[in-house]
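Trainee: Quick one: this structure, given as structure tokens, is what I'll be asking you about.
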Amino acid sequence: MEQTILLQISEQYGCPTYVYDGNKIEAQFAKLSNAFSGVKQLKINYAVKALSNISILKLLKKKGSGLDTVSIQEVLLGLEAGFEPSEIMYTPNGVSMEEIEEAARLGVHINIDNLSILEQFGAKHPNTPVCIRINPHVMAGGNSNISVGHIDSKFGISIHQTPHILRIIENTKMHVNGIHMHTGSDILDIEVFLYASEILFETAKQFKNLDFIDFGSGFKVPYKAGDLETDIDELGEKLTVRFNAFCEEYGKDLTLVFEPGKFLVSEAGYFLTKVNVVKQTTSTVFAQIDSGFNHLIRPMLYNSYHHIINLSNSSGKERFYSVVGYICETDTFANNRKIAEIKEGDILCFKNAGAYCFSMASNYNSRYKPAEVLVYNNETHLIRKRETFKDILHNQKIVEV
Ligand SMILES: Cc1ncc(COP(=O)(O)O)c(C=O)c1O
């Protein structure tokens, strides 16, 4: 997105503000669809957790996306955005049977990832089609916190427990119409992805009534110029061949499902912040901004990289800065990073701020959550107001004891 537009937005809406490029989201959706155009039936279910603003969900709906949700609240958001229940996959982990019953009542597609719930659900709802999340025991993903398909992970039902799954299906006569895996985020090596897919195909053979196979997500996006990323076209070429061959072997045209978050929205996001203080110490120059890990936790949570540009002086001489927040604990966004010379009042822009940024924001230190702005076809729309003190007090019951 052009820097002048971002600067205008920072003037119009203030800082801190998240900005999303709707056309980039569309382009990513088209890129993934095109890479798998050789598959007869493809379904892309956007992972709501990445960025759950309802206007973003509506934009993706217009493109033909479905949704991947992990909580009943995300399901409700999807329904509110106009998705049909049949377009929503619900993939919870460790939630109560009551929540799963509620999802069943709402009519969304349930993806079950443990034997206990599978047995209970199958006994009660033998005619409701469900998907099963398999754990393929593959170590994949950019960081241990986002690698979820390995043997010690809490996610999915182990492939070694497939006989138990089959016994439950036999006993309850339940209807399993999909099989799913998600091994982790930031998977660079498509061979790892293909390897896990082979395990999924092997497992899928044992289920007789499948309509789809869901390969989850985990595509790595670039975080700076020249950075490595998952080669979607190569993955598309290779997986399409294998998927089509599997369908032939299975004797049915199944739907290939993906549930990308980062791939669709990460690069579309920009986080605009203002520099409150430039603080020179004996060892470091800190640029302290009007935000913290309350608004963007990824660097502190899993050491993620966000490229930072000084929009107010983008062609200035570069110097080293540690960019930090205003939180009462260490909240470092970047250590000794080369950035064009920073003055107090400058606007710093964080890139790759679309996925897992606003959706992980909190009110820690009783700060307001930022505003969100969508830019689409050269028009700017405020899609979430900045919070006010009223929001901080909302739901609090003041009791004098
Ligand atoms: C089950 C599931 N599907 C999809 C995603 C989206 O992954 P990504 O943002 O890497 O595309 C996640 C991320 O945590 C996930 O847990």
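All residue numbers here begin at 1 and follow the chain in the order shown.
Note that Cβ sites are derived from N, Cα and C of the backbone, with glycine treated the same way.
Remember, it's a predicted structure, so these values are computed and weren't measured experimentally.
The pyridoxal 5'-phosphate binding site annotation in TrEMBL covers Gly218, Tyr356. What TrEMBL records for Arg298, Tyr302, Glu329, Tyr356 is substrate binding site. The domain 'Orn/DAP/Arg decarboxylase 2 C-terminal' annotation in TrEMBL covers 18-354. Sequence annotations record features per position, and here TrEMBL assigns domain 'Orn/DAP/Arg decarboxylase 2 N-terminal' to 24-266. TrEMBL lists Lys49 with the feature N6-(pyridoxal phosphate)lysine.
Map these features onto the structure and tell me what's around them.
Mentor: Secondary structure from DSSP puts Tyr356 (pyridoxal 5'-phosphate binding site) in coil.
Close to Glu329 (substrate binding site) in the fold, though at least 6 residues off in sequence, lie Phe293, each with a CB less than 8 Å from its CB. The secondary structure of Glu329 (substrate binding site), as reduced to three states from DSSP, is coil rather than helix or strand.
Its Cβ taken as reference, Lys49 (N6-(pyridoxal phosphate)lysine) is surrounded by 18 other Cβ atoms within 10 Å in the chains shown.
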Trainee: Near ligand 1, which of the binding-site residues show up if the criterion is a Cβ under 6 Å from one of its atoms? Options: Gly218, Arg298, Glu329, Tyr356.
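Mentor: Passing the 6 Å Cβ check against ligand 1: Gly218.
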Trainee: Distance between Lys49 (N6-(pyridoxal phosphate)lysine) and Gly218 (pyridoxal 5'-phosphate binding site) at the Cα atoms, whole Å?
Mentor: 13
Trainee: I need the CA-to-CA distance for Gly218 (pyridoxal 5'-phosphate binding site) versus Tyr302 (substrate binding site), whole Å please.
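Mentor: So the alpha carbons of Gly218 (pyridoxal 5'-phosphate binding site) and Tyr302 (substrate binding site) sit roughly 15 Å from each other.
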Trainee: Do you know offhand how many angstrom separate Tyr302 (substrate binding site) and Tyr356 (pyridoxal 5'-phosphate binding site) by C-alpha?
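Mentor: About 11 Å separates the two Cα atoms.
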Trainee: Quick check on the binding-site residues: of Gly218, Arg298, Tyr302, Tyr356, whose CB has the lowest count of neighbouring CB atoms inside 10 Å?
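Mentor: Result for the binding-site residues Gly218, Arg298, Tyr302, Tyr356: minimum number of other Cβ atoms within 10 Å at Tyr302.
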Trainee: Quick one: pull the CA-CA distance for Tyr356 (pyridoxal 5'-phosphate binding site) versus Arg298 (substrate binding site), whole Å only.
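Mentor: Between the Cα atoms of Tyr356 (pyridoxal 5'-phosphate binding site) and Arg298 (substrate binding site), the distance comes to 7 Å.
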